[in-house]
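Here is what TrEMBL says about this protein:
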{"type": "COMPBIAS", "residues": "1-12", "note": "compositional bias 'Polar residues'"}
{"type": "COMPBIAS", "residues": "31-41", "note": "compositional bias 'Acidic residues'"}
{"type": "COMPBIAS", "residues": "59-70", "note": "compositional bias 'Basic residues'"}
{"type": "COMPBIAS", "residues": "71-82", "note": "compositional bias 'Low complexity'"}
{"type": "COMPBIAS", "residues": "114-125", "note": "compositional bias 'Gly residues'"}
{"type": "DOMAIN", "residues": "164-285", "note": "domain 'MI'"}
{"type": "DOMAIN", "residues": "327-450", "note": "domain 'MI'"}
{"type": "REGION", "residues": "1-126", "note": "region 'Disordered'"}
Amino acid sequence: MATQVDAWSSAPQADGAVTSDHQPEASCPYSDDDDGLDEAEVNGNWTPQEKALHEARLKAKAKRRLRRSSSRNSTSESVSESGETPGGDPHAAKGKVHNNDRKSRTGKGRGLPKKGGAGGKGVWGAPGMVYEAEEPDVRDPNYDEAAQGDTVYETVVPEVEEKELEKMVNPIVLEYFEHGDTKEVEVLLKELNLGQHKYEFTSVAVSLSLEGKASHRELTSRLLSDLSGKMLTQGEMAHAFDKMLKELPDLILDTPEAPQMLGQFIARGIADHVLPMNFLDSYKGKVDCEHARVALDRAAVLLSMKKGMIGLDNVWGVGGGLRPVKHLVKKMNLLLKEYLISGDVSEAERCLRDLEVPHFHHELVYEAIVMVLESNGDTASHMMMKLLQSFWKTGLITVDQMNRGFQRVYDELHEICLDVPHAHPIMEAFVDLCYQESVITKQLRDACPFRGRKRFVSEGDGGLIKN
């Protein structure tokens, strides 16, 4: 044994070479055969290097024993003697681990979920974990020092060019003529960046209304009044009307009455405080165009009327269904009376179109039949038949409106007889005349109420009727 210690101690330490007899111990420092070392330890002849090496081997040996014991325990806990995992599916194949099982598949560990259920790709983290706001990382390649902090992002709308302005504004104005909501127009205009050409909206709206109806012009005047001070200033409004006065020679080609209408727009604008009060004074002695002078004269006359600016609220009249029913009935009665005097069918047709109430034409039919029943002679019945026939052929009065007007008279005929005793025979004659001229249908003629007259021979004839 002493020779073995001497050989170990005399072995060169620098290059680590050993003899062939002690090669297993030197080449395998983690072997379990440590009898020689224990005997050397008893003799107490170790050098410091040998003692340090021995301690390292003891630590490695203890670690190996700990690993072996832990692996045996985990294997016995996770795998049963039959090869089945505890708590697994009894019908599943033996020796296989389920894909949804989060326990270790190597048989090691305590069988708990990985990282407490907080690990893995696409996992939100452990229950109850609160994430704080992440601060910008300076090392991030997208990090911008100037952009960090209270940064406000705004949508930049490019300014509308003058050539495209009319294409973008025309649909807004035409749609406004249908719904009449000035707030919606204001919202749509805010979305557009009109820039320096904002005044062009006024000229486009007025130009479209000149080609439309009286109700469109009334809506345009209201729109300009609502937009004044919010979207457009008086200076921009004056600039737009000044441009239209210069373009009157071109506007007359499409609308011959453009000078008079533009003058009414100017007068209404001054009354509504859309245009400055001295708008007309700035043109005195400075107008060379004849059409512009007509427009300015028309505005001056309207402003100098007795009622003044108060009467300009109805400069365009009240359009369509906005008018009261009594006002429409009065207008239709006046229309029919003027027709009975003049006999001008075209003028009556023009007046009916200007009322712009196609849903209320049944009132005209009703009033025309009542005038026939209240009149004396056949002149009124023939004239009214020609008027209704003209309206029927031109399509101004539809089938529904014509039938509704006649049906209203049928329903009220017994009350009309209280004022006009001979209403029944007059009504029957007028209905037959209208049917012969193809104004009404056979079904409508047959629906007319008929009241026969029973004439008895005498009281004592037993109720015999005289033929």
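Placement of Cβ uses the backbone N, Cα and C atoms for every residue, glycine included.
Summarised as a single figure, the pLDDT of the domain 'MI' (164-285) averages 89.
Residue counts for the domain 'MI' (164-285) under DSSP, helix first, then strand, then coil, are 91 helix, 2 strand, 29 coil. Counting residues per DSSP class in helix, strand and coil order gives 99 helix, 0 strand, 25 coil for the domain 'MI' (327-450).
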